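Asker: Okay, so TrEMBL annotates it like this:
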- 1-33: signal peptide (SIGNAL)
- 232-257: transmembrane segment (TRANSMEM)
- 295-323: transmembrane segment (TRANSMEM)
- 329-353: transmembrane segment (TRANSMEM)
- 365-390: transmembrane segment (TRANSMEM)
- 396-418: transmembrane segment (TRANSMEM)
- 456-475: transmembrane segment (TRANSMEM)
- 487-508: transmembrane segment (TRANSMEM)
- 520-544: transmembrane segment (TRANSMEM)
- 556-585: transmembrane segment (TRANSMEM)
Amino acid sequence: MATSRSDAARAVASFYPLLLFLLASLQIPLSIASASDHKYSRGDAVPLYANKVGPFQNPSETYKYFDLPFCSPDQVTEKREAFGEVLNGDRMVHAKYQLNFREDKDIESLCKKKLSKEDVRAFREAVKKDYYFQMYYDDLPIWGFVGKVDDHEMKYLLFTHLHFEVLYNDDRVIEISVAADKSSSVDITEDREMQVEFQYSVKWKETEKTFDRRMEKYAQYSFLPQHLEIHWFSIINSCVTVLLLTGFLATILMRVLKNDFIKYSRDEEMADDQEETGWKYIHGDVFRYPPHKSLFCAVLGSGSQLLALAIFIFMLALVGVFYPYNRGALYSALVIIYALTSGIAGYYTSSYYRQLEGTNWVRNLLLTGCLFCGPLFSTFCFLNTVAIAYNATAALPFGTIMVIVLIWALVTSPLLILGGIAGKNSKAEFQAPCRTTKFPREIPQLPWYRGTVPQMAMAGFLPFSAIYIELYYIFASVWGHKVYTIYSILFIVFIILIIVTAFITIALTYFQLAVEDHQWWWRSVLCGGSTGIFVLGYCFYYYYARSDMTGFMQTSFFFGYMTCICYGFFLMLGTVGFRASLLFVRHIYRSIKCE
């Protein structure tokens, strides 16, 4: 048995070095796009890719660049994209623009094109919906608008002349911007055929900025000094909350221990204080195993995995892997790290299940594997079908879906099973300081505010209040066009969230035990995870009050994926709440003599 345990542990551990290898292999195509070393001589062709177009207010609703009747090459050549780029919705193709290194162009004709009525109608709908386009030049992102609406004359104008301004330092491209020449716009208000000439111009300028600082522009664009002040104000506010809760918890704990000493030092008749020491009377029930323990252990296993996933992602972010517009790196990391941390879920769920004397550990592992992945996969299937119906770039190709399925089948599932075997064969025993009685004590009638829902509302409010300021910037980055780069501040906020969740759950668990309610197991999970419900409520506020997102596709993508994220938060923080409460309950019952 000892040999099988050590073999299983070594098998689980052997998979984790794959993390760095797989992430490194995924980063290679992200960092050397188009096989360029980013050094050029005068006249060299610099890679320019047209990526996608879509309504500016709907970041998920994007379409292929040539879905609009722009000037396309005779043969559209698609760029071979990395795994993360495909997950990000990038569909890059070679564009006709020739922006050779350090070659100025005054007015260059891209093409002369006869637009049919359907073409004009397509462009007009794009202008009406405020479509933007995105390109990449030497891995630098470029944005521009397709046209504009003239509110004074009620006209729809199509931009046909783009002016590129490129900054260079020695033999490297440092910065690029694009602007439309509004004097060359074409009126497309009416449905009629027309002859249009698309043009462009290029101006090169030298700069002192070095190549390693060329991404600073995108980091500074989103978070100006006043935004940083708001971030620090949020952290100070959160730290004050943590200190108050810490002091509150320490006071409670000291009071409990003091009352214990008083009880043991006084005579028996003076020690019978039911109000102050009500939690002592349920020592025979407080460690009674919870109902639905297979589901309970699956929640703890999945929550532990998601907590490990979050920590690994923060580690990569803090070392600079997710620099601005490192296309798809975050999505690649999420998929790979989730797969490699499934052994954590298997180990903890089986270990807890064994401690709670569960017998059907195979069903327990299946439940753990499906608890988070099941709702996420169902949501993905629905949203991918919506994206296919819209012909949007968010629809994943069949090959990418097969890669994800293979990762799940060849990495996630085996590691989950190996972790489960290691957890099942572990020697860990449930440490209960008190013996559990044969029959449970009846719980007294409690006021309404002692119920599960009011307690969840109280438990979720304080952690949410510690993070809600930062939530706006995260949402503006994920569901907007801002760039989030201050990962150190986000990591501090995350640590504060974990601490506040643990403290408030411990406090509520003590109050629950003090009124002789011994069913604290599930309550601690629900109270700890209730912050996820508050975040889901914030999603509705952000969507309808702080954003301009519209349409069925964007609405379904926003609420579909945010519901899955909030569910993941519920599992992760619920696990934190339970483990903190378990440590606290063991500590206070270890300090008394249980008869």
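Glycine too: its Cβ is placed from the backbone N, Cα and C atoms.
All annotation found in TrEMBL is predicted automatically rather than curated by experts.
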Asker: Could you name the stretch, out of 295-323, 329-353, 365-390, 396-418, 487-508, with the greatest number of CB pairs under 8 A to the transmembrane segment (556-585)?
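Answerer: By Cβ pairs under 8 Å, 295-323 leads among 295-323, 329-353, 365-390, 396-418, 487-508.
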Asker: Can at least 3 Cβ pairs under 8 A be found between the transmembrane segment (456-475) and the transmembrane segment (295-323), with each pair 6 or more apart in sequence?
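Answerer: Counting Cβ pairs under 8 Å, fewer than 3, so no.
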Asker: Would you call the transmembrane segment (232-257) and the transmembrane segment (487-508) in contact, using three or more Cβ pairs under 8 Å, pairs 6 or more apart in sequence?
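Answerer: In contact, yes.
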Asker: If contact means at least 3 Cβ pairs within less than 8 Å, sequence distance 6 or more, would you call the transmembrane segment (487-508) and the transmembrane segment (520-544) in contact?
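Answerer: Contact between the transmembrane segment (487-508) and the transmembrane segment (520-544): present.
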Asker: Using Cβ atoms and a strict cutoff of less than 8 Å, what residues sit near the transmembrane segment (365-390) while being 6 or more residues removed from its termini?
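Answerer: Answer is 61, 294-295, 297-299, 301-302, 305-306, 342, 345-346, 349-350, 396, 401, 408, 412-413, 416-417, 420, 552-553, 556-557, 560-561, 563-564, 567-568, 571.
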Asker: In the same chain, which residue numbers or ranges, 6 or more beyond the ends of the transmembrane segment (329-353), come under 8 angstroms Cβ to Cβ?
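Answerer: Contacts with the transmembrane segment (329-353): 12, 15-16, 18-19, 22-23, 26-27, 30, 82-84, 87-88, 293-294, 296-298, 300-302, 304-305, 308-309, 312-313, 316, 321-322, 361, 364-365, 368-369, 404, 407-408, 411-413, 415-424, 426, 428.
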Asker: Hey, which bits of the same chain come close to the transmembrane segment (520-544), Cβ under 8 Å, at least six residues off its ends?
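Answerer: 286, 289-291, 296, 299-300, 303, 452, 455-461, 463-464, 467-468, 471-472, 475, 479, 497, 501-502, 504-505, 508-509, 512-513, 555, 558-559, 562-563, 565-578, 580-582, 585.
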